[in-house]
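Trainee: I'd like to ask some things about the structure below.
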There are 2 protein chains.
Amino acid sequence: MSLEEVSVNKVFDGSLTKYKFKVRSSLFRCRQDPHLHKQSSALGGLDAKFNLFIPANAASGKVPILFYLAGLECTEDTGAQKGAFIGPAAKEGIALLFPDTSPRGAGIEGEDDDWQFGTGAGFYLNATNPKWSKHYNMYTHVTVEIPQAIEAAGLPIDFTRQSIFGHSMGGHGALTLYLSSLLNGAKQFRSVSAFSPIANPSKCPWGETAFKGYLAGGVAEGQDLYDATELVKKLPKTPIHVLIDYGTGDKFYKNGQLLPENFLKAARDQGYDEVQVRVRDQDGYDHGYYFISTFGADHIHFHANFLKA
Amino acid sequence: MSLEEVSVNKVFDGSLTKYKFKVRSSLFRCRQDPHLHKQSSALGGLDAKFNLFIPANAASGKVPILFYLAGLECTEDTGAQKGAFIGPAAKEGIALLFPDTSPRGAGIEGEDDDWQFGTGAGFYLNATNPKWSKHYNMYTHVTVEIPQAIEAAGLPIDFTRQSIFGHSMGGHGALTLYLSSLLNGAKQFRSVSAFSPIANPSKCPWGETAFKGYLAGGVAEGQDLYDATELVKKLPKTPIHVLIDYGTGDKFYKNGQLLPENFLKAARDQGYDEVQVRVRDQDGYDHGYYFISTFGADHIHFHANFLKA
């Protein structure tokens with residue numbers, strides 16, 4: 001496994017590098033039992049791309065890293081280009097990782113037929129339906145393979161200081177990766193935030209489609225393993241750091257695809273107060289990057305509190 | 001003439017609205033003689049789009065406006081989405097206007113064959129070659145038609161306070177629109193800035209292609225009317241406010257498409273000092289929006305000095 005530089009752009013005195021890499025065999029963590037591992041490649045040997053912003057201060061020591069998971073139809077470029085995250089991250093001295101949103105070119109029948117499923121819609125889970133399970137394992141790709149590739153390349157990232165955020169499907173990804181790593185003991189991330197997350201996917205059309213398609217156990221398996229609202233109910237009072245913003249003018253919110261109120265209720269029922277779980281309804285904002293860019297600096301500063309503690 | 005709202009997005013507490021409009025007949029200023037006008041439509045009756053950001057403070061009074069002209073292959077969305085301009089403009093209370101880069105769908109033979117000419121490459125001039133002159137009049141479209149449409153719609157913009165900036169072909173556009181409006185007495189803009197502008201188009205391949213194609217008088221006509229380096233030589237010591245940033249890692253700079261050094265020399269020879277004409281070489285930056293976003297806030301603050309004076 002080695003990283004190939006596709007492009008490098010200087011930005012805010014640091015660098016944004018697009019990398020391409022292929023994994024033939026990697027440590028594949030099995031979520032149901034973190035002690036069980038299999039040797040495999042999360043994307044079935046396909047090339048993967050990601051963007052990595054490294055701030056200028058990395059020249060004098062390793063820097064913390066914040067993962068950004070994008071939403072349906074997006075790529076590793078979307079957040080980097082439209083989120084307005086890089087300026088605030090450069091000021092805070094934090095690296096930003098932008099993974100892709102799915103495998104590309106797996107050649108599975110129907111993969112490109114629906115913008116809500118398949119290519120561009122990996123949902124940050126590990127597929128168990130045999131049709132998808134060779135390639136669609138974005139959970140392991142993001143949490144294990146990309147960090148391993150970055151470490152192996154000797155890049156100046158301090159992986160003892162990781163946080164994660166995301167948008168829509170990527171907000172779902174950020175919340176579930178954060179919560180499961182608390183539940184399985186890995187404690188990979190210090191804090192999580194999300195814009196307009198799919199916060200209760202087993203109760204909405206986007207999530208149901210994904211779970212029925214990717215998972216042998218369907219919606220029940222998804223509800224158990226990849227639903228933020230269900231996962232937060234299982235937490236044994238561990239301290240958590242969660243920030244969520246959504247817009248009251250968001251048509252997907254209005255259509256019941258996001259359900260942040262379900263997550264909020266579950267968190268409050270579990271005893272988490274406003275300091276640990278903050279959910280903000282932003283008046284009149286919609287689902288897009290104009291909304292995200294408005295609160296991007298806020299989210300970077302939220303994570304900086306924990307990454308630089 | 002009336003504006004049709006295509007979309008509205010709340011952003012940084014203000015609004016970004018995409019408008020579509022069509023002009024059947026408008027005041028067509030003839031640059032060679034500002035007293036001579038003809039009745040026409042700058043884009044030959046085609047639909048045009050632009051994005052307009054209006055900050056929240058417009059609710060309590062008209063706000064100044066800053067035009068952003070984008071480069072080759074771009075649209076009215078590029079600067080709005082990737083420039084990171086809106087946050088700083090919202091803080092300063094300044095509106096941002098993002099026109100398109102050319103007419104769309106004129107149906108002229110060869111229009112879509114070359115990314116450097118035709119669609120997406122209007123070069124902010126008024127064509128005099130009969131093949132192009134019915135539709136390719138972005139100079140008048142930007143300086144006259146769009147402001148007229150905004151005023152007619154009663155939007156809260158104070159057109160006594162206008163400035164302009166742009167990138168690459170749009171940097172050329174910003175500089176030439178600014179300088180010609182000083183030369184023809186209109187004094188439409190208070191200040192100008194540019195990222196990586198095509199600063200001496202009659203001496204570079206991009207400009208030569210455009211001038212030979214669009215102008216009956218070819219490169220000589222372009223050099224006379226639409227070349228920032230030539231225009232600055234004609235200024236009668238009028239006070240000017242010019243900021244230019246380019247990256248030393250920009251391949252188009254290295255290939256001689258931009259020639260900011262020619263503009264700088266002409267300005268210094270004309271007696272303009274560093275306060276009036278500032279040209280900065282930014283170490284290692286390239287031609288893209290990662291570069292632009294890095295210095296976007298700087299440019300907004302530069303213009304705010306004059307727009308809010």
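Along the chain as shown, residues are numbered 1 onward.
Every residue, even glycine, has its Cβ placed from backbone N, Cα and C.
As annotated in TrEMBL:
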- A:Ser168: active site, charge relay system (ACT_SITE)
- A:Asp250: active site, charge relay system (ACT_SITE)
- A:His287: active site, charge relay system (ACT_SITE)
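Could you place the listed features in the three-dimensional structure?
Mentor: For A:Ser168 (active site, charge relay system), other Cβ atoms within 10 Å of its Cβ number 27.
When Cβ atoms from all protein chains are considered, those within 10 Å of A:Asp250 (active site, charge relay system) total 23, not counting its own.
Classification of A:His287 (active site, charge relay system) by DSSP places it in coil, neither helical nor stranded.
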Trainee: Which active-site residues (A:Ser168, A:Asp250, A:His287) come close to chain B, taking a Cβ gap under 8 Å as close?
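Mentor: Cβ contacts with chain B under 8 Å: none.
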Trainee: About how far apart, in whole Å, are the alpha carbons (Cα) of A:Ser168 (active site, charge relay system) and A:His287 (active site, charge relay system)?
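Mentor: Given the Cα positions, A:Ser168 (active site, charge relay system) is 8 Å from A:His287 (active site, charge relay system).
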Trainee: Taking just the CA atoms, what is the gap between A:Asp250 (active site, charge relay system) and A:His287 (active site, charge relay system) in Å?
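Mentor: With distance taken Cα to Cα, A:His287 (active site, charge relay system) is 5 Å from A:Asp250 (active site, charge relay system).
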Trainee: Which residues in the same chain, at least 6 apart in sequence, have a Cβ under 8 Å from the Cβ of A:His287 (active site, charge relay system)?
Mentor: A:Ser168, A:Ser196, A:Gly247, A:Asp250, A:Lys251, A:Phe252, A:Tyr253
